[in-house]
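Listed features, source TrEMBL:
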BINDING   B:83, B:85, B:98, B:117  Mg(2+) binding site
COMPBIAS  B:1-16  compositional bias 'Low complexity'
COMPBIAS  B:17-26  compositional bias 'Polar residues'
REGION    B:1-26  region 'Disordered'
SITE      B:100  site 'Transition state stabilizer'
């Protein structure tokens with residue numbers, strides 16, 4: 001990590017403050033989902049974009065209606081999402097993406113994405129939306145923006161018996177590292193600006 | 001209801017077939033939500049538009065993980081949605097709407113819509129999305145498309161101490177009746193085409 005004004009050296013000499021500073025200025029300790037939620041709240045409150053996470057789909061089987069209190073779900077099951085996790089609106093464009101975190105240091109396993117999600121993303125692109133996937137390599141604390149158009153060939157390669165993952169090197173090459181911002185912790189709008197609005 | 005070729009008279013003479021025909025060709029018996037879901041499935045399968053209903057938001061409190069079977073939610077509560085129920089993509093445009101059914105014959109009570117939903121719709125319009133509300137008057141089996149821009153003045157009127165509903169007559173005047181189609185039972189895309197793409 002590069003600090004301005006030779007601050008790195010100074011911090012290295014004060015062991016305790018290193019950790020504190022890291023916790024403030026890096027992503028460590030927060031999950032990708034938490035970071036994206038924080039980012040979307042920031043975009044919403046500053047009127048930059050309107051992006052929401054879709055609720056987790058639940059199949060509700062039994063509901064109790066106790067008197068004078070809220071209805072309680074007593075039997076429910078998680079359902080598989082039929083689309084991606086996030087969608088919304090930015091600068092008149094429809095935005096649609098999925099986010100995945102991996103502990104793997106050398107590759108991103110394609111099993112993390114479902115076939116129907118890819119089909120959904122293909123439709124979005126065809127109909128003029130902006131679609132992408134956000135991948136975090138937790139080991140490096142690096143988060144990448146992969147346009148859907150770059151993801152599809154890997155997916156079809158896999159379907160045709162090719163490799164079942166995308167190498168870390170390939171992601172560095174075809175993806176775009178997402179800058180960190182204090183309030184927009186995964187500041188993906190910067191990449192959208194560069195790729196789709198320049 | 002008007003049938004072509006004087007079919008109405010013929011049906012009136014055959015009492016039993018009237019009901020059958022009504023069930024096939026009208027909305028009666030299906031809820032607005034079911035009709036919109038059927039419509040969205042049709043749009044999706046025929047590659048017209050990509051519109052999904054968001055899952056019901058559930059606050060999950062307790063989950064059981066029995067061996068060899070799926071995780072079961074044993075305590076959960078319904079949360080209030082922070083946005084509208086439906087969104088998606090059509091002809092490069094972001095689409096966002098809410099749907100409400102009323103049994104009232106003379107007015108639509110504004111209490112059916114929440115303040116944060118209106119604020120969400122205002123943001124959508126400001127950022128270049130297409131937003132509207134679908135209102136069904138069950139008593140007349142009539143379904144109306146009200147552009148968000150037409151809804152906002154009624155809402156702000158209510159906030160300023162004005163009337164707490166929109167009259168049926170006003171909805172007929174400011175809204176657009178949504179045509180019925182065998183597979184797209186609430187064929188709202190027709191209205192979008194006319195209002196936003198002509």
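Glycine is treated like the rest: Cβ placed from N, Cα and C.
Remember, TrEMBL labels are computer predictions, not curated facts.
This view paints the features noted in TrEMBL onto the structure.
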{"residue": "B:83", "record": "Mg(2+) binding site", "Cβ neighbours (10 Å)": "21"}
{"residue": "B:85", "record": "Mg(2+) binding site", "Cβ neighbours (10 Å)": "19"}
{"residue": "B:98", "record": "Mg(2+) binding site", "Cβ neighbours (10 Å)": "24"}
{"residue": "B:100", "record": "site 'Transition state stabilizer'", "Cβ neighbours (10 Å)": "16"}
{"residue": "B:117", "record": "Mg(2+) binding site", "Cβ neighbours (10 Å)": "19"}
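Within 8 Å of the Cβ centroid of the Mg(2+) site, not counting the listed residues B:83, B:85, B:98, B:117, the chain contributes B:81, B:84, B:86, B:96, B:97, B:114, B:120, B:121.
In sequence order, the recorded positions from B:83, B:85, B:98, B:100 that place a Cβ under 8 angstroms from a chain A Cβ are B:83.
Each residue contributes its Cα atom, and for residue B:85 (Mg(2+) binding site) and residue B:100 (site 'Transition state stabilizer') these two points are 10 Å apart.
The two recorded residues residue B:83 (Mg(2+) binding site) and residue B:100 (site 'Transition state stabilizer') have their Cα atoms spaced 14 Å from each other. In the three-state DSSP assignment, the secondary structure recorded for residue B:83 (Mg(2+) binding site) is coil.
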